[in-house]
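What TrEMBL lists as domain 'Major facilitator superfamily (MFS) profile' is 17-400. Annotation comment: TrEMBL describes 21-46, 52-71, 83-102, 108-128, 148-167, 173-190, 221-239, 259-279, 286-305, 311-337, 349-372, 378-396 as transmembrane segment.
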Amino acid sequence: MTPPTWYRSLGKKGCTAFWSSYSGFSIDAMNVQIYAFVLPALLALWELTPSAAGLLASAALISGSAGGWLAGSLSDRIGRIRVLRVSILWLAVSTTFCGFARSYDELLIARLIQGFGFGAEWAVGVVFMSEIAQAATRGRVLGTLQSAWAAGWALAAAITSVSLALLPPDTGWRIAFFVGLLPALVLFRVRSGMDDTPVFDAAGSRQAWHRIFSREVRGNTVKGSLLATGTHGGYWAIATWWPTMLRLERGMSALETTVHMATLIGGSFLGYVLGAWLSDHAGRRATLGGFAFAGIVVVLAATQLRLSDAVLLALSPVLGLFALGIYSAVGPVLTELYPTSLRGSGMGFCYNIGRGLAGVTPLAVGGSIAALGYAQAIGLYVAASYGAVLFATALLQETRGIDLVASQSA
């Protein structure tokens, strides 16, 4: 079968870079998402309150915002690939630390450390691939790359399902955190032999990160940050609490929960691919706006209506497609808002300040569960988050087709 046009356009080195980034995103997603799947076990083993559990989720997001911002700025100074080598190694080691935690406080510290590597991998990886992809196919390249998140999410679900089914709970949740170490070390070795992008090498002079607040681009920084805050807020409310809602509020078994999550993740994979195609053909703004509006409708239907388990299962892939597939257009937009000399800093700041601000969402959902219940709380915060995406999209200019080589300086 002939590969798609966007893939052929990358060339041999570009394809190697694509699979390196795809693997990195998958490992990134797997390591971070494991927490959501072991959360029901931790709630019972450590007698955690929903608020305490929400803080563990928020910790990695908040530290991830700092890690991504710093990594993006550093990548403008020393290069994309050097930062990516460090990020995958950091992520591997810190995730292993999570499995060794003996108390809530130790796990909280490990999650904070993990967040720095988690934040760096995506922010710099998207910039790296955006500078390799051609303008006409950039949306499809980055959108398809985003589907790696669904692959990693599925791996997290599978790994925790097996480890918790075959091992005692106090051992099973720990083993799940250890699994990602070996593939991350292999990827570090692969990246050690890779070069930086020609666009970065040709950029010449570097600019200080605070130039993202200069008059020429500060409007883009504000709008990009709002966009990222909305997408992260919606996603992490679902990713953190949906499995627990299925188990504790709807009374599903571990197997039933896995099936529901598998359909949701499968829908998100299709959403990433569909969004990738639409962002190149319909434009970035139309894709973001359409997915955000549809995401609001679907999540409110799934959480505010009294649905049977069978109907909720049928709705799960649709929820995944719209509410999570929206990310496929975020990467292209954020990389296209800045010149090469500020691209890592700008992307790193917007995406990760958004993640940091949205990091309070899992905590807020946890704090609202006692009053509203799991489903009502999730629906409220997801709908509000995607409302912010609609507002940001209305403010953004269309960036489809921008030539990154021609935008070397601010």
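In case you wondered, yes, glycine gets a Cβ from its N, Cα and C as well.
As the structure is a computational prediction, the values presented were derived from the model and not from experiment.
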Model confidence over the domain 'Major facilitator superfamily (MFS) profile' (17-400) (mean pLDDT, whole number): 90
Contact set, same chain, for the transmembrane segment (173-190): CB under 8 Å, 6 or more residues outside the stretch: 20, 23-24, 27, 30-31, 34, 37-38, 41-42, 45, 85, 88-89, 91-93, 95-96, 98-100, 156, 159-160, 163-164, 167
Recorded stretch that, among 21-46, 83-102, 221-239, 286-305, 378-396, has the most CB pairs under 8 Å to the transmembrane segment (349-372): 221-239
Non-local residues, at least 6 beyond the ends, that sit with Cβ under 8 Å of the transmembrane segment (378-396): 223-224, 226-227, 229-234, 237-238, 241-242, 245, 284-285, 288-289, 292-293, 295-296, 299-300, 302-304, 323, 326, 333, 358, 361, 364-365, 368, 372
Whether the transmembrane segment (221-239) meets the transmembrane segment (286-305): three or more C-beta pairs under 8 angstroms: yes
Remote residues contacting the transmembrane segment (108-128) - C-beta distance under 8 A, at least 6 residues beyond either end: 17, 21, 24-25, 27-28, 31-32, 35, 55-56, 59-72, 75, 80-81, 83-84, 86-92, 94-95, 97-98, 100-101, 142, 145, 197, 331, 334-335, 343-344, 347-348, 351-352, 355
Interface present between the transmembrane segment (311-337) and the transmembrane segment (21-46) (three or more C-beta pairs under 8 A): no
